[in-house]
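Asker: I am attaching a structure below and will ask some questions about it afterwards.
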Amino acid sequence: MRLFARLEVLAILACAVPIAAIPSFLSNSYPAHPAEGVSLFPQTQPQAPLGLWTRLRNTVIERLWRVPPQLNKNRPGKQGKFPLFSAPVSLRARYGDDVVLRFTIRNAEEVKALAEASNILFLDVWASTDEWVDIRLTKDVVPSLLGLLPQSLQTSHIPLIHDLPQTIYESYPSSSQRSSYDVQGFSPSTKHSSDITNIFFQDYQPFSVIVTWMRFLTSMFSSHVQIINIGSTFEGRDIPALQIGVWPANNPKPRKTVVVSGGSHAREWISVSTVNYVAYSLITSYAKSKHVAELLQQFDFIFIPTLNPDGYIYTWEVDRIWRKNRQETSLPFCPGVDLDRTWGFEWDGNITADNPCSESYPGEDPFAGVEAKQFSQWAKNQTAQNNIEFVAFIDLHSYSQQIRYPYSYSCLPNPPNLENLEELAIGIAKAIRLTNRETYEVSSACEGFMASQAKAKSDDPFPRIERTGGSALDWFYHDLNVKYSYQIKLRDRGSYGFLLPRENIVPTGQEMFNAVMVLGRFLSGHDGFGHLDWEDESQRPKADEDDIPSENELGENDDSWIPFDYRNHDDQNEGEGYDNDEWGFRRRRKG
């Protein structure tokens, strides 16, 4: 009965709305003009007649939710001319007139209305903060969305990405090869250039190249690197990882281990490249930096470039903005489980399990996601059988530049070591800021989906745009007792979203490498940032060795170690809410 009811509801909604989680095979039939209130699309295609399903959907929405019909009738852009795009026809056939809109939110009522409308229309929510929400949809659906929203939201949005197919096209490597692509048969290159100047981190890399690169590193640096297997994917692929560390012989103590994972969501390519960059920097710095050498003697590091190889490969071969894994669901046309909503701790899939087409579908049961279950079993086996003590977990995602600590599922319980979690998170944010002057916000993971009390001017937080139970962050922290667990959302703040240009790979990697160095220093019991190797070639900004004071020259809140380029930098407008004392490590651990 449950399955029948689910299919009945989905059948009705399928007639009323396009499903965002399904590749848009018919998207090139969508009209190309925006709704009222969206006047920033530069050039649009001539208006196409509405299809039968589109007209039926609009009628259902108008009658059930009382959408004013004029929103669908008086749409601008009828005189627009078709621009000359360089994106191939195959991409335009898949993504049609998809755009990304940013809605500015001001109160709880607006957030609730936006969340409900997104669920009704099966829209793809790209990111959300306490100030804005980014949503991907076709221009043809904009009138339906606006009709479900209050008047204030109908005018408080801007198009963030005007032309999704073009932006997707530009995210694939490589620009030098694009001229040879057949416009009618575009396929992104999966072969890395042999040019020595086109090094590994100058572009995003497909999974096959990443695995080959990992094996190469293992053979070149066998003294402190080995490749391991976390488990198998739904489609039978290995989930490879790099284990980095100097393993002492005959040591009965549990080996302290840090896990850095990326690519749970397939479309978040920058997280995959960043995991690789940090791993490479630690590996190659071992013989150059005494601080890195000390770190690898004290800790093992496990780097998992992508927990979701099936989905990652799918983003290269079929759909660049695919989010979930590729396993089967109860609806054959809606495959995939969200690998960051399927973990066993505070799994809330009983609320959303009826909609396999949702981008956040958690599966029908806890650990329904094959790769998440494999990862959890591997982690448990390591602690039970291999004398491993996990001391930190960093789960890299994109985008919005946030550092989040537990809990994700709710703001009501405070973590027992909340003060230490905040202290380390603030230290990581400072290291990032001093690397490339990028600002990352620090908050509990639940607050990442809600407005702060200061913004809401109330003790009641904003409602959630999407469910956040069943996260890897909460499971590692609570069930595996990993005291320092973080989810870090990388660059950018929405200009490109998941389609971050390749020029950001190295600077983002530099920021996270310094973040990991701060993490290691914190776990080692050191004060301040004295062991950050700013003179190391893997990090930025650069300074002469003589410019870095020794550890005993550093005071608790002394910033004299900062490279000369930043010593006179005005911090007043950065890191709002944190004074200079709050940025320093304040030695207040509670064990």
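Positions of Cβ are set from backbone N, Cα and C atoms, glycine also.
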Asker: Need a hand: Swiss-Prot gives HIS265, ALA266, ARG267, GLU268, ASP340, ARG341, SER398, TYR399 for substrate, which of ARG237, ARG323, ARG433 is also on that list?
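Answerer: The candidate from ARG237, ARG323, ARG433 that Swiss-Prot ties to substrate along with HIS265, ALA266, ARG267, GLU268, ASP340, ARG341, SER398, TYR399 is ARG323.
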Asker: C-alpha of TYR399 (substrate binding site) to C-alpha of GLU268 (Zn(2+) binding site): distance in Å?
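Answerer: TYR399 (substrate binding site) and GLU268 (Zn(2+) binding site) have their Cα atoms 8 Å apart.
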Asker: Apart from HIS265, GLU268, HIS397, which residues in this chain have a Cβ no more than 8 Å from the mean position of the Cβ atoms of those residues at the Zn(2+) site?
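Answerer: Leaving out the recorded residues gives GLY262, GLY263, SER264, ALA266, ARG267, SER271, ARG323, ASP340, LEU396, SER398, LYS489, PHE498.
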Asker: Taking Cα atoms as reference points, which of the recorded positions CYS334, ARG341, ASN350, CYS357, ASN381 is nearest to GLU268 (Zn(2+) binding site)?
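Answerer: Closest candidate to GLU268 (Zn(2+) binding site), judged by Cα separation, is ARG341.
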Asker: Sort the recorded positions HIS265, CYS334, ASN350, CYS357, ASN381 by C-alpha distance from HIS397 (Zn(2+) binding site) and give me just the closest.
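Answerer: Out of the listed candidates, the nearest Cα belongs to HIS265.
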Asker: Between ARG267 (substrate binding site) and CYS357 (disulfide bond), what is the CA-CA distance rounded to a whole number of Å?
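Answerer: If we compare the Cα positions of ARG267 (substrate binding site) and CYS357 (disulfide bond), the gap is 17 Å.
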Asker: What's the longest C-alpha separation between any two of HIS265, ALA266, ARG267, GLU268, ARG323, ASP340, ARG341, SER398, TYR399, the listed substrate-binding residues, in angstrom?
Answerer: 17
